Amino acid sequence: MRAIVTWTDKVPERDGVKNCVYDIVFKPDGTQFVAAVGSRVLVYDAVDGDLKHSLKGHKDTLYCVAYSRDGKRFASGGADKTIIIWTSKAEGILKYSHNDAIQCLSYNSVTQQLASATASDFGLWSPEQKSVAKHKVASRILCLSWTNDGTCLTLGHFNGQISLRDKSGGEKAVIERNAPVWSIQWNPSRDEVSDILAVACWDQTLSFYELAGQQMQQVGRDKQLGFDPCCARHFSNGEYLCISGSDRKASLWTKEGVRLTSIAEREDWVWTCVPRPNQNFVALGCNDGTITMYKLNFANVHGIYKDRYAYRDYMTDVVVQQMQTEQKLTIKCRDYVKKIAIYKDRLAVQLPDKINIYELPAEDSQEMAYRHREKLSLSVESNILVVLSMNFLLAVEKKLKLFTFQGVAEREWTFTSVIKCVKPFGGPAGREGLLVGMEDGQVCKIFVDNSFPIPLVKHKARVRCLDMNASKTKIAVVDSDSTVSIYELKGKSAKLMYEEPNATAVAWNSDVDDMLCFSGNGLLSIKTANFPLHVQRHQGNVVGFKGSTIFSVHLVNMQMIDVPQSATLYRYLEKREFAAAYGVACLGVTESDWKQLALEALRALQLDIARKAFVRLRDIGYIELVGRIETARKQAGHDDHVLVATILAYQGKFQEAAKLFCKANRVEKAIEMFTDLRKWEEARQFAHTANAEQAQELVRRQAVWAEETNNLASASETYLAAGDYLKAIHILGEQNWHDKLIAVVRTLNNSQSAELQACLRYFEKAKAHDYAKEVLLKLGDIQGLLQLNLEANKWNDALQLIETHPEYAPQVYLPYAQWLVENDRFEEAQEAYKAAGQSSKSLELLRTLTHNAVLENRYEAAGHYLWLLAKETLMAVGDRPTNQDVEAFFKYRRMADQYYSYQSIHKYTDEPFTALTPDTVFNISRFLLSWLIKDEAPYGISKAYCIFAMAKQAKTLGANKLARFALEKLSLYKVPLSWQEQVDMFALSIRSRAFNDADELLPSCFRCQTINPLVNQAGDRCIACAHPMMRSFCNFELLPLVQFQPSRDVSPQDAVALIRRDPPPKKPRGRPAPSNPWQSDGPDVQTLMLGGEDQSDLGMLDIDDPFTKAMLDFEPSGIFTPTIADRHMLLSMEKNDIFIVKWPSPSLPWEFYRNMLPDVPVVLCHECNHFFHEEDWELAVMQKKQCPFCTVQTDGSSNGCVAHFPPESETGMSM
């Protein structure tokens, strides 16, 4: 430490009397201080010592001054027994007095109370109080001090007592000392665990007390001062004490009472020494009236070796810091540390009277565990301390002394000038080498085992600092002119390489030979080889340089500065020195810098450096590239241009790479590169110089890329351009772009079957029937087209197709029939089955439909299906049916009639309302019961329903006998409970009527004119001639039809021809018309005769007609025999009265019927061969445009007589 006088002022004598400076106090902010000099209060500027104020107010000598903690006021007191309180602007605001001279003053740092002490009492004043509280004491008070928290006031007495008081002045504790207590002060640091009081007594001792509750305990032993202390004051941080007194000196002590060094020595007693708040300045006030301000420069006592740094802390401690891990170890020496040296595992600490040697367990130990090795009693005022593995050295002026760790002086070197710096540069243990720099500029090299120094450099100025590089080929010298000079060592001579200004300290990089750094003038400069300097602002002195970290000391703080090595790296790259660039990069550069080094080395084909750099980057892709390039370079005939182009391509410099590929006549490589990059335009530019195959491959790869990136529209177009139709078709098909796909189909020719088949599959999958049809037509695949129509249910197209290709008909009709069945078009399905040659399936379908209709009570539909089944049964056997077939036909036909008629009975009995007239229900029930009363009823037809309906209508119409018969039959059946009461009532009521049937209800046979019963249990036929009762299949009334057959010599066709001829004129029937149509039948009756017939002739048979004669001529046998009509009879018949029934099979004979009453119009349906009243027929046709029974469509324009008999080729009549 060194103390420098910043300013001094000597207060002049007044009236021949010296003005003694008894007390000084700083303003808390340190900008000014107040001194008690003579009877004046002097206010000084603390920075430059200007006297700001000289305050008058006291009449006698001032002994003490005090400043409040807030800096707003200060107080002064002295021999005039008066205390004056001043503002910070030097204005007096308050005055009060004691009975004795004021010895000392002290402000409470918390409550702003002012404590004042005299020989007999002490007072407490605060701004809030109007009076001063005073307390008597037994002995003179020499000093005062408040604790940091302002709760306790400590008094130092002349009799050696130390009194501890509370804020109100009450005594809490007393400590007895052996001499007057001249100065006391509590440590101001708030970081201390407890309050520590420093006590300076005139028994020449310094002692410390700790406040523990209400008591004070001494800490440690008394420290001998060797003089009478007048003042003891702490620095602001509480680490140091400044003590002055009768020895005319001011000295620096630690807070534990360890004397460090002298601050200053004056010519008279130093009554007061006060540190400036928060700064390293000390103001001294002397007995001779001088006031002096000293600046304390605490020198950096430190040492560094690689990443271990040792420095002095609080003047008595040594801290060893591991820079990388920031571990710290504190060694408490409890004495003033003068010098520190560190080398490998050794640490040397020089104290005022001894040197301590410490060591680590091992040189490379990462543990901060220095143990004490040697303690040497050696008091030498040296300039430099250096420690080595087995020795330490002390530089004393011109001599350099070598000692062993046992304190034995082993060797000494004497130089011609004062030694300014010593730098060890390594070597074996006990044979280390050192550089020695001297004041005259001489630089020598010595070895500890050699007594002769080796001169290296004769520098032009005083050497301040020096260092040697790792390879020991260069040294750097910093001189007193702040210039760093670099010398290259060649043998025993040294050559100056260059010089740089602004240097106060220098350090070579321990990892890089050609790199050093130096600091000075607020700058940090880094020099590498002969490259330009890299300069940055920095405060501090460099002490070491390792890798990319510079160690710098600023004041007492060690800083680690990470140096960017990028600039150096790029300069090496510019010079193509890749090995050196790699070495710099290893010191620490950014990832981008590593990438640049790796790429530059790779482009220069420095593959070893490139690989190392890429390994650092963990770039697997480039590492593999380096491996491939190495392999390629080992092959014969390799071209470096191609390799470099490949590297450029990896770097993204594709145009440069392409040009190099072309330069090496490898155009295909350029195309491949741009293709991989999907840069199709660039690839096409280079493809112009390639062959056609390569150009085609380029287009194909472009299509593949477009497909991979889901740009399917572009991919399909590109595939088409490349001629790869199949891939384009797959893309279009998968995306359902059928319009584009059919456009492709239209560009294909018939020979490209694979492509057309692929298109067809997509169209079929998407059910795009029209497009698929177009493809099949282009392929000429009739079978496929037919299958397509079948799968798409395009039956019209399929049927049209088999018209031109009938060989495929069996494949169409069967699925068509099945489809018709699924869509409830059963009659068409039945026809389709027939067309497919599946008569058995047709019949089975009709049976199923019939059964289902019966189950669903759709009896009319069941009758329709049975009629169809009858026709199919007969037609299925061809032209020669067997008797069984014919019987089956008529059986199904009769069942069809029965189901058809039963529909009305079922509705009548089950539904609450019916549109049928009683006559219709009566006729239908008689028709059914004529066939069913003795035989078993078909499935679903209830005889009870029929009998019940007939009984009701018989009663209604007056057929009492038949009603009774029906009720007797009904009693044999189990009827529904809902009928039972009604049936019983019928039975009772019918018995009250006559047992007969109304005559007008009894049917008459139109052949034999026999009156028949209402119900013929043998069947619906005549009881006499067995002629079938021909009924209208709407209301089931009898029709005037008589069956006949031509004679054997007349074929059916000839018979038709004869009938169609105009008959010969007939003789007039009856009398001619009278001349006077009015006749008198009585006195009051007149009759008008119209025409030539008598009314009695209307509706009567023509007895003269040959056919009528033949018809009436028969023998009753119970078996019906048709009337035989010869040619004459046939020729005499009216064609409009003749009806021909033609059955579905040509093997069945035609049946001829004659309307015996032409006035009763009859209609025949040639499809089902049923007869109808013309009125009923016309009503049905008007409603549904079809036959009521067989549902064949008709317009009702023909009545079905011979005049409209269809040709033989037709199966039904033309309606």
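Cβ from N, Cα, C; glycine included.
Under the heading domain 'IFT122 first beta-propeller', TrEMBL lists 2-190 (among others).
Taken through DSSP, the repeat 'WD' (55-86) splits into 0 helix, 18 strand, 14 coil. The feature repeat 'WD' is assigned by TrEMBL to 55-86.
Marked as domain 'IFT122 first beta-propeller' by TrEMBL: 191-296 (among others).
The domain 'IFT122 second beta-propeller' annotation in TrEMBL covers 302-558.
Under the heading domain 'Intraflagellar transport protein 122 homolog TPR', TrEMBL lists 565-944.
Look at TrEMBL and you will find 999-1042 tagged as domain 'IFT122 zinc ribbon'. For the domain 'IFT122 zinc ribbon' (999-1042), the DSSP-based tally of helix, strand and coil residues reads 3 helix, 9 strand, 32 coil.
By the count of Cβ pairs under 8 Å, the stretch nearest in packing to the domain 'Intraflagellar transport protein 122 homolog TPR' (565-944) among 2-190, 302-558, 999-1042 is 999-1042. The predicted model assigns the domain 'IFT122 zinc ribbon' (999-1042) a mean pLDDT of 88. Per DSSP, the domain 'IFT122 first beta-propeller' (191-296) is made up of 0 helix, 68 strand, 38 coil.
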